[in-house]
Amino acid sequence: MACNSTSLEAYTYLLLNTSNASDSGSTQLPAPLRISLAIVMLLMTVVGFLGNTVVCIIVYQRPAMRSAINLLLATLAFSDIMLSLCCMPFTAVTLITVRWHFGDHFCRLSATLYWFFVLEGVAILLIISVDRFLIIVQRQDKLNPRRAKVIIAVSWVLSFCIAGPSLTGWTLVEVPARAPQCVLGYTELPADRAYVVTLVVAVFFAPFGVMLCAYMCILNTVRKNAVRVHNQSDSLDLRQLTRAGLRRLQRQQQVSVDLSFKTKAFTTILILFVGFSLCWLPHSVYSLLSVFSQRFYCGSSFYATSTCVLWLSYLKSVFNPIVYCWRIKKFREACIELLPQTFQILPKVPERIRRRIQPSTVYVCNENQSAV
């Protein structure tokens, strides 16, 4: 372990601060708190798996929902599903037992899978953000389902290329019990540190910077468009009600409706971005400190800090389906349809009756309307 190696100074520091490094994890958090966190993490696993599975099922079963944006969202959901299944249960078990029961090789594999699926999820969120920027700011809607599939395939390959070196032993992966999960450990090797910096920049700092700039430009464009549409509507008078004036009025109304739809879609993506930032900023700082600061890595608070930041990073997998259910009406309807009949509180209203109750409802799913 990194805290037991390297130099006399590190050994002296370890004797003074962590007299039993291999068992330090068992003394950092009380047993009731560890068990509670593990139970909550298992619940997060179930909720994240079920919620993201619904997203994938909706896109798979309904051809009208296979637009470019929905394919991207389904890929994001799939990466969260794999993260929930491949990493979270083992972290929960380690939290309870304060021991890693799955071997050193699987420890390194689990750390690689963790970063791999996180990288893919971040890449998809970045692609969606750039697509929203091109549509709203540049007025270029170039992303079709075929191109989306190619971009998704490329993102999987790039994510594996970035996360893969940790599987081959490029950097130190620390086995619990110093942390509730196999994490990047302290190292003084320049190559290992360079890899960790590349990994953290690719996971958080670079996507965060690009998405932040994109959203600032989008907000500015939406604000200007809203002011222009409002001013044009206020300037109408009866003298403009000619044939040309009516056509211009119809175009303005279409712009207003399109602006409203794009603003709502952008708001949903913006909420996902905020959730990503809040969940991953602490983990990114923690990863850098673990590799560069021996005082932090060998300190008595490392286990508690690891538990908190890992728990927060997993929360993002649960956060996305909650946002979909809150913001997307079709997602809520699909959840109700997928529930077994015995668990449905309200009876399902047939489509013909829904048309009579709400005649204005348009049952058309084109590429734009089926997106979030």
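Cβ coordinates come from backbone N, Cα and C, glycine included.
What Swiss-Prot lists as topological domain 'Extracellular' is 1-38 (among others).
Sequence annotations record features per position, and here Swiss-Prot assigns N-linked glycosylation site to ASN4 (among others) based on sequence analysis.
Summarising the annotation, Swiss-Prot assigns N-linked glycosylation site to ASN17 (among others).
Summarising the annotation, Swiss-Prot assigns N-linked glycosylation site to ASN20 (among others) and lists sequence analysis as the type of evidence.
Marked as transmembrane segment by Swiss-Prot on the basis of sequence analysis: 39-59 (among others).
If you look up Swiss-Prot, you'll see 60-75 (among others) marked as topological domain 'Cytoplasmic'.
Taking Cβ pairs closer than 8 Å, the transmembrane segment (76-96) reaches residues 34-35, 37-39, 41-42, 44-45, 48-49, 51-53, 55-56, 102, 110, 113-114, 117-118, 120-121, 124-125, 128, 176-177, 180-181, 307, 310, 314, 316-317, 320-321 in its own chain, all 6 or more past its ends. Residues or ranges marked as transmembrane segment in Swiss-Prot (evidence: sequence analysis): 76-96 (among others).
Regional average pLDDT for the topological domain 'Extracellular' (97-109) in the model is 86. For 97-109 (among others), the entry in Swiss-Prot reads topological domain 'Extracellular', with the evidence type sequence analysis.
Among the features that Swiss-Prot reports, transmembrane segment is placed at 110-130 (among others), with the record citing sequence analysis. Sequence-distant contacts of the transmembrane segment (110-130) (same chain, six or more residues past either end, CB-CB distance under 8 Å): 69, 72-73, 75-76, 79-80, 82-83, 86-87, 90, 102, 151-152, 155-156, 158-160, 162-164, 166-167, 173, 181-184, 199, 202-204, 207, 210-211, 214-215, 269, 272-273, 276, 280, 313, 316.
The topological domain 'Cytoplasmic' annotation in Swiss-Prot covers 131-149 (among others).
Same-chain residues lying 6+ beyond the ends of the transmembrane segment (150-170) with a Cβ under 8 Å from its Cβ atoms: 71-72, 75, 108-109, 111-113, 115-116, 119-120, 123-124, 127, 143, 184, 191-192, 195, 198-199, 202. The feature transmembrane segment is assigned by Swiss-Prot to 150-170 (among others), with sequence analysis given as support.
Residues or ranges marked as topological domain 'Extracellular' by Swiss-Prot on the basis of sequence analysis: 171-198 (among others).
Here Swiss-Prot flags 199-219 (among others) as transmembrane segment.
Swiss-Prot lists 220-268 (among others) with the feature topological domain 'Cytoplasmic'.
Feature annotation from Swiss-Prot assigns transmembrane segment to 269-289 (among others); the stated evidence is sequence analysis.
What Swiss-Prot lists as topological domain 'Extracellular' is 290-305 (among others).
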Distant-in-sequence neighbours of the transmembrane segment (269-289), which means Cβ under 8 A and at least six residues beyond its ends
122, 125, 128-129, 132, 183-184, 196-197, 199-200, 203-205, 208, 211, 215, 296-297, 305-306, 308-310, 312-313, 315-316, 319-320, 323, 327, 372
Report the DSSP secondary-structure composition of the topological domain 'Cytoplasmic' (131-149) as helix, strand and coil residue counts.
11 helix, 0 strand, 8 coil
Per DSSP, how many helix, strand and coil residues does the topological domain 'Extracellular' (171-198) have?
9 helix, 4 strand, 15 coil
